[in-house]
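First comes the structure, then the notes that go with it.
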Amino acid sequence: MISLRIHEQPIHDQPRERLARQGAGALSDAELLAILLRVGTNGTNVLQLAQQLLAESGGLQGLQRLDFQELCRLHGMGVSKAASVKAALEIGRRLARSAIEERFPIRSPADVATLLLVEMSHLDQEHLRTILLDTKNRVQQITTVYIGSLNSANVRVGEVFKEAVRRNSAAIIVVHNHPSGEPTPSMEDIEITRQLVSAGRLLDIEVVDHLIIGNGRYVSLRERGLGFE
């Protein structure tokens, strides 16, 4: 197979050269992706390959939603390229979340959605996370507590509050996703919420809310008065 590398393009057209001259902000999504991919495929240079991948996946958001194996199966990818792309997207996601966490305290369910909605809408398993808050409702930490099917029998209260106790948090917000895409709370979700609210009172750690995320939407159990009676 003949691979066309970035350095085989005219020097003024090379994404790396343009980045050095004009800065990363001047590059298109395809040019940035081409730098990560490094080489194209037979008959397709690396910039064309990057453009094709973005078109097929629905842009950078589409690439973010693909898991590692799905990335590997895209035409022209393979394990090495998929690993580079996945790592770069994860770095970007972490930086974005860190910036949001530092910018403002949590005041509403919408603030929680700003932090986690996009990422958790597309998880293919249930994840339960806790957002740890200080006395001014600023985010201390976001912790993944469970991955897998959640019910009142397998959710251990001690695990949910473990990091909050260690960090001396004033409050927590519980967030989990429904892989089905439907965020309507189940009876199990409501029962889990009741148990956590009760435990929080004993530990003097307020459970501010429990959000369920699904397919770009979310439900606040506190707003609906479910489990916070």
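Note: Cβ is positioned from N, Cα and C throughout, glycine not excepted.
When secondary structure is read from DSSP and collapsed to three states, H178 (Zn(2+) binding site) falls in the coil class. Feature annotation from Swiss-Prot assigns Zn(2+) binding site to H176, H178, D189.
Residues or ranges marked as domain 'MPN' in Swiss-Prot (evidence: sequence analysis): 105-227. For the domain 'MPN' (105-227), DSSP puts the residue distribution at 40 helix, 36 strand, 47 coil.
Within the chain, the motif 'JAMM motif' (176-189) has long-range Cβ neighbours (under 8 A, six or more residues past its boundaries) at 120-121, 123-129, 146, 150-152, 210-215, 217-219, 221, 224, 226-227. The motif 'JAMM motif' feature in Swiss-Prot is assigned to 176-189.
Taking a C-beta cut-off of under 8 angstroms and a sequence separation of 6 or more, H176 (Zn(2+) binding site) has the following same-chain neighbours: E126, H127, L128, R129, Y146, L150, D189, H210, L211, I212, I213.
Taking a C-beta cut-off of under 8 Å and a sequence gap of six or more, H178 (Zn(2+) binding site) has these contacts in its own chain: E126, T184, I212, I213, G214.
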